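For reference, TrEMBL has these:
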- 270-281: compositional bias 'Gly residues' (COMPBIAS)
- 23-494: domain 'Major facilitator superfamily (MFS) profile' (DOMAIN)
- 268-288: region 'Disordered' (REGION)
- 14-36: transmembrane segment (TRANSMEM)
- 68-91: transmembrane segment (TRANSMEM)
- 103-120: transmembrane segment (TRANSMEM)
- 132-151: transmembrane segment (TRANSMEM)
- 163-184: transmembrane segment (TRANSMEM)
- 344-366: transmembrane segment (TRANSMEM)
- 373-399: transmembrane segment (TRANSMEM)
- 405-429: transmembrane segment (TRANSMEM)
- 441-464: transmembrane segment (TRANSMEM)
- 470-490: transmembrane segment (TRANSMEM)
Amino acid sequence: MRLPLPSDPRLAKFQGWVLLLTICAAGIGGTFQFGYNLSIINAPTLYIQEFTNETWQMRTGRPLPDHLVLLVWSLIVSLYPLGGLLGALLAGPLAITLGRKKSLLVNNIFVVAAATLFGFSRRAGSFEMVMLGRLLVGVSAGVSMNVQPMYLGESAPKELRGAVAMTSAIFTALGIVMGQVVGLRELLGGPQAWPLLLASCLVPGVLQLASLPLLPESPRYLLIDRGDSEACLAVSLDYLAKSSQLMLLTLRISSQVQKFISAAAAAGPRGPGRRAGGAGAGARRLGGRAERGDPWELFGDRALRRQVASLVVLGGAMELCGNDAVYSYASAMFVQARIPPEKVQYAVIGTGGCELLATLVSCVVIERVGRRVLLMGGYCLMTCWGSVFTAALCLQSSFPWMPYLAMSCIFAFILSFGIGPAGVTGILATELFDQTARPAAYMVCGVLMWTMLFLVGLGFPFIMEGLSHFLYVPFLCVCVCAAVYTFFFLPETKGKTFLEISEELYRLNFPGWSQSPMWRGPEVVQSTEL
């Protein structure tokens, strides 16, 4: 929500710093944690398996069979997406009940508990503590992956909304890289330091707890969900009043801000597909309650048909496009490319660095080229590089330079993913859904993402075994379908307000419906109810 403030360079500069601090405070304990905890588990794989076997032998006097050690390790890994699924289901109620900012702060309870379990697991001789800790950090990641883009998307001005929402992907990539760096054998990736490596997730959580309380809550949440215009006004002006140089400016613009809030509340007392005074399938007038009682009811609401289809198709495509499989295959390709085994860990860091670089570029250009171009371009490039990668795998025994080509395709594929699907997909739930449906949409998106992540991790070994060199063919089909869907069905949202986006989606969902003169845009409701 952007306030119509006077054009003052000091104010613009101060607002920019506040927005930057909000992005960093939300991201360091949000999606950064997701990427960080996703990558740090790779370094201590053998050490945790040895610890599991030693612990079992101390308890029973005999070693644990190899297949059971592998089973315990599989549980430790798979409990992370399972926790993420639980966190995604928890994110919607938390965001509505506590607000966006408080949800992120409360979410750190899971991080503190998990870090404590990790840190004392070796001393306590309990691999069960590691399993429970992975479940808890998964819950934390599931909450933050949904609440953080919601919080930032609602707080940013429309000219920067895409770039600000893209920072969620940047922090995810940054977390992956930092996890790979901290997991080096020279740092915390050694046989004795792995409990500290897993417990290091506490550091980003503490940083968020120290910084985020100083920053404002989402003004759209305060005004629309809580119906508290005074709190919205206070949030909008509080950080200005803290600066003595801007005190007079704050007093001068307060009346304009109050007019803006009144206009925002009056701008949309009627929703798409609802005439003045009528009751529709969505929410009632200002002061009423939202009638949408279950996130799964989104699938039955005709006014949300295009939005839900886009969320499911493109959200599922992001997880099924094969990027996670590339990370799994990277180490083997580096070995085949004759990189010394002791240097492979540094090459793997390069893959995470590629995604970080690509998301930074995407953040810079997204408001210039738009969402559709980045998505279509990303999926088309991924299709191209995936095809070359498949050909290189088939011909690697015929030409000695094919492993190098396959290694290059890995980096190119990750760059293409970072430029488009990695960040743009996370913006969809913020921009395509109105305030009443947004928390439920993020719940659906989170459940879809974590379920797909779990299934890909479970099924990829079997795909590798069954399809051999053609293992990427199913992923390439997904990339092609995603690009085609984006071209034909996804509307462009670049530079548009939530009102303008809602109007366009209304016309797409009701192509034969003529708008009445009384219809003025999306409905403003006082609360969102699951």
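Keep in mind that glycine also has a Cβ here, set from the backbone N, Cα and C atoms.
Bear in mind that the values here come from a model prediction, so they are computed numbers and not experimental data.
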**Complete:** Spatial neighbours of the transmembrane segment (405-429) not adjacent in sequence (6+ beyond its ends, CB under 8 Å) are 149-150, 153, 161-162, 165-166, 168-170, 172-173, 310-311, 314-315, 317-318, 321-323, 326-327, 329-330, 333-334, 336-337, 350-351, 354-359, 361-363, 366, 371, 374-379, 381-382, 385-386, 388-389, 392-393, 396, 438, 441-442, 445, 482, 493
**the transmembrane segment (14-36) and the transmembrane segment (132-151) contact flag, 3+ Cβ pairs under 8 angstroms** = yes
**Asked** Near the transmembrane segment (470-490), which same-chain residues lie under 8 Å Cβ to Cβ, leaving out any that are not at least 6 residues past its ends?
**Response** 306, 309-310, 313-314, 317, 320-322, 325, 371-372, 375-376, 379-380, 382-383, 386-387, 389-390, 394, 421, 463-464
**Request:** Could you give the residue numbers and ranges of same-chain residues that sit at least 6 residues beyond the transmembrane segment (344-366) on either side and whose C-beta is under 8 angstroms from one of its C-beta atoms?
**Result:** 39, 43, 162-163, 166-167, 169-170, 172-174, 176-177, 179-181, 183-185, 189, 326-327, 330-331, 334-335, 374, 410-411, 414-420, 422-424, 494
